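Read the structure below first, then the notes.
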Amino acid sequence: MKQRSKKGFLKTITFVSTFGGLLFGYDTGVINGALPYMARKDQLNLNSFTEGLVTSSLLLGAALGALFGGRLSDRNGRRKTILYLALVFLIATLGCTFSPNATVMVIFRFILGLAVGGASVTVPTFLAEISLAERRGGMVTKNELMIVTGQLLAFTFNAILSSTLGDIAHIWRYMLVIATLPAVFLWFGMLAVPESPRWFASKGKFGDALRVLKKIREENRAQIELEEIKNAITEESELEKATIKDLAVPWIRRILLIGIGIGIVQQITGVNSIMYYGTEILKDAGFKTEAAIVGNIANGVISVLATFVGIWLLDKVGRRPMLLTGQIGTTTVLLLIGIFSIVLKGTAALPFIVLALTVTFLAFQQGAISPVTWLMLSEIFPLRLRGLGMGITALCLWLTNFLIGLTFPILLDKIGLSTTFFIFVALGLIAITFVAKCLPETKGRSLEQLEHNFRSQWDKQQETEGPTGTTGL
């Protein structure tokens, strides 16, 4: 296979597998426009609680899918797991599309969440293992771009269907069923994609690993990379994995608490209240349903553009100032939404101001907070703690997402737009304090340096406070 065709094959593998990310984005974003229609009395007849349940059941499923997806792909292989996930995406989407009532919808949204969570851990792992070492960062961030692209596509199709077929009561079913197309493409596409060479090697199938590497690498590089993989597997097998008992060690516990804090901080900005309930927010501000759904396209566009900017900034700016700027920006915007919702209530200008502010909010969130979150989580955990640390942190992140998704429509219904956003402002102030006081700078530091810093900080604290001192964050 010629070098050019090998590069083309690698690009094809990347494109096909990142459809898992596209489905992740579409299935989390489509509810934004579908919810107002499925909530109608002649459809699923949802109240604020069942709206939250329909939305957040996917997130609860995603928490479990993320927790067990990694183990499933370790046992069965990345390729086979993604094939399974494509089938789950397809079946669950059809189940949601033809749901006769809210109970069935919640069940299939939960199952869909299992696929979303599984894709969130399996696809980036697969991409990291088939990519060239020097291009790994760019390759994996393509999955992030596909997620926000999927959300943009959901907002766009919602707007097109709402504008052209808005008088059809069950239009929400058309919005949902579109997701079957990328699910089918992902399944057929993955049939032509090879298994991860890293996974083959981990099972002792070195001949299969080399065969795959020769399809995506130069001949001599394939052999060298196989030896590197063998060495890495040997080192990992000799490495003692961290367990729950290790959390008794104060400096390890401190790293884990910081990791959990980073994950929660990303969610308590309220970003997904806008991504899931943007239509409801704009309706509450004064737009009609169709106009609110069209307005959400702006949120999708800025999310994609800001993600590009965020990826570019990662190499230019430190993690702490980037995250701090994002948190201050999002908290300020939420405060302005709350104030304007009171001062301009009932005016024609309010919905346009709220739309402009949600766009600004997403510029800070997707351009500063989101890109830093997963990068910092991959940097702060020592190698032996990474599996346990990332698993617990991802679970906490998804559960926080679930709680916000469940409670937001209830808060919007009971206390209104302004007070709801003032609650997020208070949470934002806590997040800013956490980032300013507790977060280490990880840019330009090796994992060994970071581990040494955590150990030495604890030793100094013990010397100052004595053996009875508390760790704190």
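The backbone N, Cα and C atoms fix where each Cβ goes, glycine too.
Marked as domain 'Major facilitator superfamily (MFS) profile' by TrEMBL: 13-443. TrEMBL lists 12-32, 52-70, 82-100, 106-133, 145-165, 171-193, 255-279, 291-314, 321-344, 350-376, 388-411, 417-436 with the feature transmembrane segment.
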**Asked** Hey, would you say the transmembrane segment (255-279) packs against the transmembrane segment (417-436), going by three or more CB pairs under 8 A that are 6+ residues apart?
**Response** yes
**Prompt:** Taking residues 6+ outside the transmembrane segment (106-133), which of them lie with a CB under 8 Å of any CB in it?
**Reply:** 10, 13-14, 17-18, 20-21, 23-24, 27-28, 50, 53-55, 57-70, 72-73, 78-79, 81-82, 84-85, 88-89, 91-93, 95-96, 99, 139-140, 142-143, 196-199, 216-217, 394, 398
**Asked** At least three Cβ pairs under 8 Å linking the transmembrane segment (82-100) and the transmembrane segment (291-314), pairs spaced 6 or more in sequence?
**Response** no
**Prompt:** Would the transmembrane segment (291-314) count as touching the transmembrane segment (350-376), if touching means at least three Cβ pairs under 8 Å and pairs must be 6 or more apart in sequence?
**Reply:** yes
**Fill in**
Sequence-distant residues near the transmembrane segment (350-376) by C-beta distance (under 8 Å, 6 or more away from its ends) are 141, 144, 148, 262-263, 265-266, 269, 271, 274, 278, 281-282, 285-287, 291-292, 295, 298-299, 302-303, 306-307, 309-311, 313-314, 319, 322-323, 325-327, 329-330, 333-334, 336-337, 340-341, 344, 439, 442
**Asked** Between the stretches 12-32, 52-70, 145-165, 321-344, 417-436, which one has more Cβ pairs under 8 Å with the transmembrane segment (171-193) than any other?
**Response** 12-32
**Message:** Does the structure show the transmembrane segment (52-70) and the transmembrane segment (145-165) touching, where I'm treating 3 or more Cβ pairs under 8 angstroms (sequence separation 6 or more) as a contact?
**Reply:** no
**Item:** Averaged pLDDT score, the domain 'Major facilitator superfamily (MFS) profile' (13-443)
**Value:** 88
**Prompt:** Who are the chain neighbours of the transmembrane segment (417-436) in space, where the CB to CB distance is under 8 Å and they lie at least 6 residues beyond its ends?
**Reply:** 261, 265, 268-270, 273, 281, 284-285, 320, 323-324, 327-328, 330-331, 334-335, 337-339, 341-342, 408, 411, 473
